[in-house]
Amino acid sequence: ARMSQRQRADSTGSLGPDDEVMPYSDDETDDELDASSEGEPEEPPEHEPGAQPPVDTRSSGESLSDLGWSVKSNDRAYHQLPEFQRKVFLCIKKSKYSGNGIKTYKYNAITFIPLNLFEQFKRAANLYFLALLILQIIPEITTLPWYTTLVPLVLVLSITAIKDLADDLARHRMDKEINNRKTEVLLDGGFQETKWMDMQVGDVVRLKKNDFVPADILMLSSSNPNSLCYVETAELDGEDRLGLCLGLTSFSHLSTAMIDCEEPNNRLDKFTGTMQWSRHSYPVDLDNILLRGCKIRNTDVCHGLVIFAGADTKIMRNGGKTRFKRTKIDILMNYMVYSIFALLILVALGLAIGHGFWYEQIGSLAWYLYDGADQSSVYRGFLSFWGYIIVLNTMVPISLYVSVEVIRLGQSKFINWDLQMYYAEKDTPAKARTTTLNEQLGQIEYIFSDKTGTLTQNIMAFKKCNIGGKTYGENLSPCLDKQFLVSYELYLVLQPVDFGWNQYADPKFEFMDHSLVACIRSKQDQETLEFFKLLSLCHTVMVEHKEGELVYQAASPDEGALVTAARNFGFVFLHRTQDTITIKEMDHEATYQMLALLDFNSDRKRMSIILKFPDGRIRLYCKGADTVIYERLSPHSLHQETTQTSLDIFANETLRTLCLCYKDISQAEWDEWSRKHTAASIATRDRDAALDQVYEQIENDLLMIGASAIEDKLQDGVPETIANLAKADIKIWVLTGDKKETAENIGFSCQLLTDNMKIHYGEDVNEKLRVRQALRRNVAPTFGNKKKPAELFFPEAGKNALVITGGWLVSLTPPHLQIALDKSVPKCMSNIGFDVNAWQVDFVDMACECEAVICCRVTPKQKANVVSLVKKYKKAVTLSIGDGANDVNMIKTADIGVGISGQEGMQAVMSSDYAFAQFRYLERLLLVHGRWSYIRMCKFLRYFFFKNFAFTLVHFWFSFFNGFSAQVAYEDWFITLYNVCYSSLPVLLVGLMDQDVNDKLSLKFPKLYLPGQRGALFNFKKFFISLFHGIFVSLIIFFIPYGAFLQTMGQDGEAPSDYQSFAVVTASSLIITVNLQISLETSYWTFVNCFAVLCSMAIYFGIMFDIHSAGIHVIFPTYFTFTGTASNALRQPYLWLTIILTVGISLLPVICIQFLSKTIWPSVGDKRNRKKYEMEAEEEKRPPTFQRGGRSRRSGYAFSHSRGYADLISSGRSIRRRPTVAGGAQKSIREGENI
């Protein structure tokens, strides 16, 4: 696909905050490919019409051997030669040229079980339980049957394996569908239908309309004039506009062509190579390459040569492994599991030592305890240690990780099913593309947002203009009193303009000022007619006729909006050739000869076109940013001041502006300038600089026509969303590639910036950083190297905002911020003793003191670096949100990446963790789903740790009464099923469905979000509270039944104080306690929660009576030994009283603490009722954001930041020649220069 070639912007001299240079960035791929110097064309030999002129690139000193990839057309054996072999494994070699089959799956039928088990056992918890299982097989050590560990372990491994298998089967189906697609390949002298997976490098392929491109292909020819091919890149980057690709030469002569090019890489913006054919070298660049994933459009047939196949294609190279993201709770949970491991070892060691002393002093002396084994007390203590490792293993819950994944999966589904985040206009629901980060959404501290397409709609609309000093487009409705609306004439004025008189009008176009249409249709005002004639002629838009409709393809949405506006006002751009433009001016067609097209770039900030009118006049039309146009106006130009005033008003309304002007040129002046332009066009050195110098000579003494104003509307709800997130103490930074004024104005319109903020620019930042660095050098180190708290950069009262530009960042010399954003600088600065880290910390500290930060004209790599700095020095949870391919780097770098399904394609969505259609949904994602997920997960983990401590530590207390012999306090099957069946369902439902407040209150009171940012609900303090709570409950559950069993007599005169009855009573007390405990923790009760609690207890008693029955004992006498215990014990009222007393004492402290917390120490959520009135009382009415007469904020100019289609238009290669023109079109200036 043809992609606009990015220009390396010269950033020198860009020290001020008004710098507009977009710094070049390779998006972290600079080291992958050395830029090869490309030679300039020599005088080409004769070649076929339409073919690209051959160039011997070796004349510039570049040897073909430097390009490490050689491809020979239609010769598969060539690519299997020994010199192209590479070692795969030991002595096994394979061709370095990949086949075209792709493989994204991880497993096959043979490798699934071993590979999946290997991956699962890389988790420390799974490996730990496997080791326990091995220990339980050893008879001297085991104290529990092997199935108590095997059953839960197999269950956990099976659930994870099934999930992995389902994911991999989906990848298998996708790979199979793609690999089995068909295309036509030249084999045995003819084109044969071949599967994609059977294609090889060097194959010549034939593609037809609507075919997908199967590999990275060098375009040879097409059925269109000049071997032009239109491609749709939606599958590659999501762009809905068509791209262009240029063929090299005639297809029929390429039987022996040789291509030398760069090695496979992931650079989508660059390709370098040469084609050797017929003793000539032809340069190959990105314009000649069809990338895999594109789709052929508006082209019947095209032919190409496979350069990269399969895994070597650029789209596959860009699909590398995404950095694995983990939540803060994940990291904290792992540390806590490690702490439990350490606690387990210490407890087991202490009990083992106790057993050694017990055996030495008591066990060895009691004849009735003699077991026939002649073992020392030390050895017995050693065996007891491993026995307690097995007995106490449930302190590390095996089901924890699976339960967490189930909860996260459910929370992700709730996000997907949320109808309030569904965008009906585009049928786009919210999508959680990951299931591992939900609770992190409740801890966000910094949001990094793109501007265009994220905060704005990226749909440009022509709103206002100033022509000849008069402004058009004012909306009168706010100015009219209601009593006047009864007038029918005024009612018509307030309706949008009816363009029914224009058969070419775009029905979607709206304009409110009827006077402008009346002025145009009267044909009395020449300046107005000239204004729209300029818009219809001065552009690089391509036009396509589809079913009688005009479809414009523009390099930027701004330019498309301007041409569409001219079309609606009667100046319709119809078609163009390489040297003519035809428009319809009101009621007649006119064709203008294009003499030269001076394209836009980010340095020039303007574009011009030189036309020859039908009457022979030569005129230059120019449109561009006001900052460059006003410097080039003639002193005699009219309406400069009135236009400047209108520009200021437009800017205050956040409209994107352009100045329009013209200049009449004499034939003699044109002839002289044309010679200079021709010489500059064929210059072998500094061609671009030479052309710019020539352009300057003609673009002067311009006469002002007027100014246009285009609106890039904010998305719905953006100001309200930003204001609400700010109340939640979430700071929002805008990182954008747009110019400073545009981004700053959008900042004001979305209320990120306000008029009472003091805005700091680049030089102010420099000075503050220098002062802080000087203070640091002058202050002597304090005793003990204790750091004093840093002073504030902005100690004065009031709000501050920081606005910096990308050009300012890269232009600053050390010790400036360039160091902080360039990872390579610290190495070169370390020799001079410069403290790079101090500068980075100072910049981050200063930026974080501001209420708002806007970074303009920054590259994708700079966006990611800014995010990295905040993550590194603030240890904060970050979220990046964007909608374009230039936001992918930032999205992947942040802790959470959010993609907007917008106008700029789907690359951001495909790289994101969460995706939705509108920025305003971010508020609900964070304040509702994020907050709920965080609270639920914290509550789940606290309870999960508690119930396992309460369950396991009963063994610890029992050890003091069994000689530390590693005897268990429960029945074996109870230990096996405790976490699986008896206590898992209620806590899972709390983790999935619990709410402290509903969604409306969560949105109404953003302060409820603060506990998540502080990590207040789950930390080591909460962990130790759960530990001590578990210790307390385990004490009650063991010692109350123990005391009750000391001297007990049943109703039948028998003492039920046997070990098995004791185990039943303690187990029953534990199950009832933990299920009632989760009931006390539940804030949001539903029928499902109630059913889960009752069902868990019913399942426990049901299973217990079954496994204690005589029938199952007869079948499995070894595994079921508690025959009749449940029925015998639980028929004693005394034991039921014991259970009730145990449960009551266990829960009484919890009830008391909750009562005190609700009344005396209420949490943020508990304060919601009183907070409601406090917040309403404190709510102040915001002043209007924009005020006439306020400070001027210059708007961004309405242009793309990359080159347009000027080169293609001027060369004629992108144009279908009109069949009505006999003898072909006239040669353009640029075409003539190559003759």
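Cβ atoms are placed via backbone N, Cα and C, with glycine included.
Annotated features in TrEMBL:
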- D450: active site, 4-aspartylphosphate intermediate (ACT_SITE)
- D450, T452, D883, D887: Mg(2+) binding site (BINDING)
- D450, K451, T452, E559, F600, K623, R656, T736, G737, D738, R857, K863, N886, D887: ATP binding site (BINDING)
- 1-14: compositional bias 'Polar residues' (COMPBIAS)
- 17-43: compositional bias 'Acidic residues' (COMPBIAS)
- 1172-1183: compositional bias 'Basic and acidic residues' (COMPBIAS)
- 1-64: region 'Disordered' (REGION)
- 1172-1199: region 'Disordered' (REGION)
- 1216-1235: region 'Disordered' (REGION)
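All protein chains shown were included, and the count of other CB atoms within 10 Å of the CB of the residue listed as 'active site, 4-aspartylphosphate intermediate' stands at 28.
Annotation: D883 carries the greatest number of neighbouring Cβ atoms among the binding-site residues F600, R656, G737, R857, D883 [cut-off 10 Å, Cβ to Cβ].
Between the alpha carbons (Cα) of F600 (ATP binding site) and D883 (Mg(2+) binding site) lies a span of roughly 25 Å. Reported as a whole number, the C-alpha separation between R857 (ATP binding site) and D883 (Mg(2+) binding site) equals 16 Å. Here the CA atom of D883 (Mg(2+) binding site) lies 20 Å from the CA atom of R656 (ATP binding site). The separation of D883 (Mg(2+) binding site) from G737 (ATP binding site), Cα to Cα, is 13 Å.
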